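Record features, source TrEMBL:
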type	residues	note
BINDING	55, 146, 281, 315, 401	substrate binding site
BINDING	113, 114, 252, 316, 317	pyridoxal 5'-phosphate binding site
MOD_RES	281	N6-(pyridoxal phosphate)lysine
REGION	428-448	region 'Disordered'
Ligand SMILES: *Cc1c(COP(=O)(O)O)cnc(C)c1O
């Protein structure tokens with residue numbers, strides 16, 4: 001079967017996510033037959049360098065032998081058992097390991113990132129309710145935040161393209177300014193922007209803390225905002241203010257956890273511990289859906305009672321799936337035993353060096369890097385920049401999906417030097433090409 005055969009069958013039968021399906025009349029889907037390392041291969045044998053880790057989930061590379069083996073081994077003993085009333089080795093070991101790494105002693109599981117957000121929001125509210133403060137039922141999130149797209153998570157997500165349509169269904173969250181370092185006024189440092197944003201947060205807390213259960217944020221990098229990066233001072237201030245005003249801090253590390261920002265968890269760079277830590281995406285190396293919310297003894301104790309209604313009565317059918325937990329254990333083993341984060345530091349330095357000419361271009365603004373994430377904004381008159389850039393990069397054998405005019409790379413950690421070079425060259429050529437060609441298309445909102 002060729003690409004073309006799969007294409008028509010897919011558009012007939014599959015409703016693709018985050019997509020205006022009619023666009024596929026002009027921009028065909030890419031049917032993928034196999035993947036290995038940083039590469040995807042289609043049914044006609046063309047290869048694509050996966051520079052976005054398949055929507056940020058693939059951590060160590062496709063087809064990673066150790067993760068595959070862990071899933072195979074688990075498959076021979078136990079594929080799944082319900083986690084209410086039952087337990088099993090992989091979920092116990094994973095919970096112990098995550099606790100040791102985060103200092104948060106209790107792990108609650110879900111399947112996708114959005115379900116982790118839902119769990120954290122519900123748990124936070126329920127904690128206050130069990131403590132006789134049911135009026136603390138609102139949430140604060142940041143401008144340009146993204147925490148998932150189920151109805152609860154969408155309420156704390158500030159991406160109008162995703163949320164505006166569903167506004168009548170959503171709880172009204174309180175929104176505070178983003179500490180995005182790109183907002184620095186002349187002479188202002190990233191830390192100044194962070195402090196300014198923290199002051200705005202304090203103003204809201206001073207007035208509203210009595211009705212607020214939690215502040216939810218993406219530590220260091222707001223992914224769906226186009227990889228907006230900010231100074232860790234904001235996290236330190238947020239922690240201090242949440243303590244002072246008695247509001248939970250929920251750290252959504254669904255995208256930035258597991259070494260993405262250079263440390264195993266982004267919060268480490270601010271030396272803070274959240275009350276809830278949401279993990280997903282890279283947790284299984286991009287092999288299987290799994291999410292986890294870690295929380296403190298204090299939160300856990302508020303649910304521990306003789307009354308069943310004080311308990312956290314929330315569940316998903318696949319909670320703590322053994323295959324997914326085994327994949328996650330293999331990821332943690334690999335990160336530790338192969339000292340991947342130290343290797344990433346050298347890798348990141350080399351890639352940043354290769355990208356220096358790109359950063360120096362006249363049409364490139366705000367070149368930024370944090371761990372294994374690189375991003376920059378392109379000054380382009382084209383309304384269809386994201387789509388045109390994506391298509392032109394695909395021609396050159398690279399998968400890069402800009403968010404608006406923000407181009408970013410979030411590659412699997414297995415990325416090699418020759419692949420970095422290829423990505424840098426293809427990006428230069430594509431920017432040159434797009435600056436020469438006129439835009440035929442009208443402006444359309446860009447999807448991540
Ligand atoms: C992707 C993401 C989510 C949602 O995860 P899904 O698995 O797509 O539901 C939530 N928060 C952040 C920061 C994310 O990047």
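In case you wondered, yes, glycine gets a Cβ from its N, Cα and C as well.
The two recorded residues, residue 146 (substrate binding site) and residue 252 (pyridoxal 5'-phosphate binding site), have Cα atoms 9 Å apart. Nearest to residue 113 (pyridoxal 5'-phosphate binding site) in space, judged by Cα atoms and limited to the binding-site residues 55, 281, 401, is 281.
Taking only the Cα positions, the spacing between residue 114 (pyridoxal 5'-phosphate binding site) and residue 55 (substrate binding site) is 14 angstrom. Taking a Cβ cut-off of under 6 Å from any atom of ligand 1, none of the binding-site residues 55, 315, 316, 317, 401 qualifies.
Taking CA atoms as the reference points, residue 252 (pyridoxal 5'-phosphate binding site) and residue 281 (substrate binding site) are 11 Å apart. Residues near residue 315 (substrate binding site) in space but far in sequence (CB under 8 A, at least 6 apart, same chain), listed by position: 83, 84. Long-range C-beta contacts of residue 317 (pyridoxal 5'-phosphate binding site), restricted to its own chain and to partners at least six residues apart, with a cutoff below 8 Å, comprise 82.
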